[in-house]
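Feature annotations, reproduced from TrEMBL:
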TRANSMEM  20-49  transmembrane segment
DOMAIN    24-504  domain 'Major facilitator superfamily (MFS) profile'
TRANSMEM  69-88  transmembrane segment
TRANSMEM  100-119  transmembrane segment
TRANSMEM  125-143  transmembrane segment
TRANSMEM  164-193  transmembrane segment
TRANSMEM  213-232  transmembrane segment
TRANSMEM  346-363  transmembrane segment
TRANSMEM  369-388  transmembrane segment
TRANSMEM  400-419  transmembrane segment
TRANSMEM  439-460  transmembrane segment
TRANSMEM  481-500  transmembrane segment
Amino acid sequence: MAREQLQVLNALDVAKTQWYHFTAIIIAGMGFFTDAYDLFCISLVTKLLGRIYYHVEGAAKPGILPPNVSAAVNGVAFCGTLAGQLFFGWLGDKMGRKKVYGMTLMLMVICSVASGLSFGHTPKSVMSTLCFFRFWLGFGIGGDYPLSATIMSEYANKKTRGAFIAAVFAMQGFGILAGGIFAIISAASFKALFDAPTYEVNALASTVPQADYLWRIIVMVGAIPAAITYYWRMKMPETARYTALVAKNAQQAASDMSKVLQVEIEAEPQKAEPSANTFALFSKEFMRRHGLHLLGTTSTWFLLDIAFYSQNLFQKDIFSAIGWIPPAKTMNAIEEVYRIARAQTLIALCSTVPGYWFTVALIDRIGRFAIQLMGFFFMTVFMFALAIPYDHWTHKDNRIGFVAIYSLTFFFANFGPNATTFVVPAEIFPARFRSTCHGISAASGKLGAIVGAFGFLYLAQNQDKAKADAGYPAGIGIKNSLIALGVVNFLGILFTFLVPESNGRSLEEMSGENEEESESVAVELEHSGYNNRTVPVV
């Protein structure tokens, strides 16, 4: 029989939705706001960086970042994020969520500002310093994944836990919108102040010297909302589940949560020493209880991110096809930033952001499993719908249909596995491994992002090397790449069956911690000879 849950944890599970839940969403979500703002805004300014630092005198088209530099600028943050997810995930279980939480935010703020201050005048020095700070920015962002998810899951009640964790993740949508809107406003202001001819009229004058300030301002501003929330992060108490179940101090947990919930919670006596039945991460017992769950969360996040981060392959073709972004030579540098920001903001507004909030609204009604399965299913269907008749979509009259299906694919990614793969790892593992296991799952996802963003960048090149982008080898073509992505999404459907449904159940019930404790009590009683005692007959 399972041991009865600690009163302080039960109080959290049955608590009504209160103001502190919403403040926790904002405080935790601001890290994701900065994460999305930064990863999004760099894609807005890479074309500008190419024009400023890689201009070729007499060339018919504006300068672009060479493939290796482009991969470094866009990819180094992913590498930092992957490392940060593993390191801070582990540290969050060792030192406590709160102690580590401030570190990640300060790292993000400092490196976000430093990225915009990348020094030097030569392309090599500017790109090297930009990449250096973006790696450490990614490292801080990586830490925010396991810590924000774990803190929100441990603060939330049973009834609305999924919506609260998903809402933290959905702050990414606001980060994307803020990045796009700020870039539009900044570019429009610069365009009004510093008029310039198009590239084909005057190549050199089309990029005004002040454009170097534009990309730096856009990159740096994302740090402001994160910096504002630092004070409140430091004021948050440690989560009751870490204090009671890992630090073994139920009295402190009851005291902290009495203040947060504004109710009196009676402190229960608890032994300071760990129970005899605790097992280590990756031990045989851990693999027996949670091995398949960890395989499920890591594989589904890996497969989802391959498909999700491959989207940048098709955006430039789509935007050009529907006339949102005219040929680069017909614009000046600032005009190009404005057009790209406007196009990407419209896509985000129409497909990305609504998907997140559909998940928030429905995750506690229809469950994590159903949303994830449905998301992967529709992503598979739409990828094949784009791939099989790909030649049909390339005709000018059919381009709007292509954009509609493409947008639906990413709507169902966000109203689907992009949200649920973040939520579930924060709910199904024991408190002492929760942050670590979420970090491992998230790092697996980031590995998928690297495959999606860069592996498919090379794979999607034309099969005829002469028609491939400058500097790239021949690939398998866009049609075959879309088929491969359809297969990836189908594998996501299969691996979803390894992930348990956590809807409406307490964290201790999901992780088996109550059973663990009851087993250890039974072992202790057996060793003390309790079971062999006889009751005297009166």
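For all residues, glycine too, the Cβ spot is worked out from N, Cα and C.
Of the two recorded stretches, the transmembrane segment (400-419) does not lie close to the transmembrane segment (100-119), with fewer than three CB pairs under 8 Å once pairs fewer than 6 apart in sequence are set aside. For the transmembrane segment (100-119), the partner stretch with the most Cβ pairs below 8 Å, chosen from 69-88, 164-193, 369-388, is 69-88. Per-residue confidence over the domain 'Major facilitator superfamily (MFS) profile' (24-504) averages out at a pLDDT of 88.
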